[in-house]
Amino acid sequence: MANIVVVGTQWGDEGKGKIVDLLAAFADLVVRFQGGNNAGHTLVVNGESFISHLVPSGILQGKMCLIGNGVVVDPAVLTEEMAALRSRGVAVIPEKFKVSASAHIIMPYHKTIDLVREEAKGHEKIGTTGRGIGPCYEDKVGRNGLRFVDMLDLPAFREKMARQVKEKNLYLERMFGAAPLDVDGAVAEYVGYAETLAPYIADVSRILADASDEGRQVLFEGAQGTYLDIDHGTYPYVTSSNTVAGNACCGSGIGPRDLSGVLGIVKAYTTRVGEGPFPTELFDDVGDFMQRTGSEFGATTGRKRRCGWLDAVMLKSAARLNGLTGLAITKLDVLTGLDTLEICTAYRYQGKTLSDFPADVKTLSQCEPVYEAVQGWQEDISGVRSAADLPDAARRYLDRITELVGVRVDIVSVGAGRDQTVVINNPFA
């Protein structure tokens, strides 16, 4: 039996959805343990694209999929996503999909607060997706949140929600001069969601405990990336949850002894959406090439991603923060055609060489990358299915990543399709 955590090692958008979809074939259950619909997975199965924001990617494999207590859930987005999947023949039914009773609910006022706050920051915006994730986590920590278990008692839910909407209306009007929300309309809308989702609400921790007792395999699906972690990321240009592997336990209701390994997803180059320092960012034709060839637009926001060379400094730190046991390198095919590749092996800061990722964004923003040149390749690798069939230069690139990060490469993605993958070591084997 193996229980594997999949996490992003950069700033998100590493291709976790494809890898989770691939590994779901070997798992019995797939669990989301943090974040919300501010993250999106794009999957290509049999030439058909699926974009998922909340429902775990394993749903396409017919697996039991769970949303853990660490996720904040917008019921409007969730019900819409469930309906969209069903319309395409995917079985999203209570027997195959559950939401933790302890998961917090994103309310309409969370989204409004998110947007008006960001607008008020002017040039100091942090690049929020405006989906209410941060304000929902604030209410969770402030003990003012509503959870899915509250939806199971509709009279009490109506009362709690009405009280919260009125309180948040005062905040919106007095702090930002924003228009108040319609209390009755908002409550009626969410009561509708409660009635729809009631059959899907469950004790996810109990389900996972039973699965463990039965020797079933579990795949834990992280969202965003290591450097968007609220504690370990490039604060304040981060998300509102812990994205590192340790949160798989807290966010799903299991103990650390239940985990077998952690697979870190690494894009073969580096990308970032929104604001924040990015030492290896490219502003030349190579950066444009990566953006264009890699179709680097956010699945959730549609925003153009910033592109740059692979940063081994941040990857080595990510390996430590997550306890990585393996790497999955994605979008290796995008680098085809470049004569020379660069890997950042250290930073230069005020005349000193830094080998560790700094916690201070001001320091990071002033860091200059120290590059090591690696030979590129010209061969089309999109049809490669064995590591031995990769060009010598591509294999050397992967080997160098392993040497710099100290973690072996288990999987290599050479295209968007599920079958466009080289599996060197299966984490579930």
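Quick reminder: no glycine exception, Cβ is built from N, Cα and C everywhere.
When the candidates Gln61, Gln224 are compared with the IMP site entry in Swiss-Prot, which names Asp13, Glu14, Gly15, Lys16, Asn38, Ala39, Gly40, His41, Thr129, Arg143, Thr239, Arg303, the shared residue is Gln224. Using a 10 Å Cα-Cα cut-off from Gly40 (IMP binding site), none of the binding-site residues among Lys18, Leu332, Val414 qualify.
In the three-state DSSP reading, Lys18 (GTP binding site) counts as helix. Taking Cα separation as the measure, Thr42 (GTP binding site) is nearest to Asp13 of the recorded positions Asp13, Thr129, Gln224, Arg303. Separating the Cα atoms of Asn38 (IMP binding site) and Val414 (GTP binding site) is a whole-number distance of 26 Å.
Secondary structure at Leu332 (GTP binding site), taken from DSSP and collapsed to helix, strand or coil, is helix. Of the recorded residues, Arg303 (IMP binding site) and His41 (active site, proton donor) place their C-alpha atoms 15 Å from one another.
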